[in-house]
Amino acid sequence: MSPATADPGTVAENEILKFNLKNLFQTFSSGGVGGDILIDIGTGPTIYQLLSACEVFREIIVSDYTDQNLREVEKWLKEEPGAYDWSPAVQYVCELEGDRSRWQEKEARLRRTVTRLLKCDVTEPHPLGPAQVLPADCVLTLLALECACHDVDTYRAAIRNLVSLLKPGGYLVTAVTLGFQGYIVGNKNFFGLHLEKETVEKALQDAGCQVLRCQHSPISYTETFCISKGMCFAVARKSPSA
């Protein structure tokens, strides 16, 4: 997961979180994207990106490159001591859906809907490795590829790899940090791939998808945390004949 979305503590980070939650709500609650299986690629230590999707998918599979991130998700799913408190984000999404009071019901629903936690590597032709997974109705990846891919060619290949996980007519939903120049956690610097909105759209098209929506926002992270030039949220559909 890109810049510590697990700790949306500043105004800028909260605005980015809300931007993504609103777009996810529009995509899954009223955008007609739903079905049997959703695969979340690069889940990170977070669950907020699944809060709208859990209402319209029978099964959610989460995946990440690191065991540490998967362990954080597992702690939340099992309600273990020390698990991150996502209730403010859950309440916000419930408010978008029209009933803030049902946030505990939503948490329980998400915990039921997540069925598997898998390792993933988007740079591999089979991103989920040896795991046996049926073709998905939707692949979701938020703020992950720009950290996992070290050049644009690798990013374009990663998009193709993710599209291969979809059934014909399935949806790829992604959010990307634009103009990324890396980020800082503690005193450590991490790589970030510089992408433009047009690069994202073309990568989706070249992977055999029709871009249905690609929304840009100028909001950026706090500069002490990372240098970026806005956000892009895209919904694309794999060719039904692919």
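Every residue, even glycine, has its Cβ placed from backbone N, Cα and C.
Record features (TrEMBL):
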type	residues	note
BINDING	Tyr48, Asp64, Asn69, Asp121, Val122	S-adenosyl-L-methionine binding site
Check: For Val122 (S-adenosyl-L-methionine binding site), what is the tally of other C-beta atoms lying within 10 angstroms of its C-beta?
Finding: 23
Item checked: Recorded S-adenosyl-L-methionine site residues Tyr48, Asp64, Asn69, Asp121, Val122, farthest C-alpha pair in Å -> 21
Check: So for Asp64 (S-adenosyl-L-methionine binding site), how many other CB atoms are inside 10 Å of its CB?
Finding: 25
Check: Hey, what's the Cβ neighbour count for Asp121 (S-adenosyl-L-methionine binding site) at 10 Å?
Finding: 18
Checklist line | Cβ neighbour count (within 10 Å, all chains shown) around Tyr48 (S-adenosyl-L-methionine binding site) | finding: 22
Next item on the list: Would you mind checking how many other C-beta atoms are within 10 angstroms of the C-beta on Asn69 (S-adenosyl-L-methionine binding site)?
Entry: 20
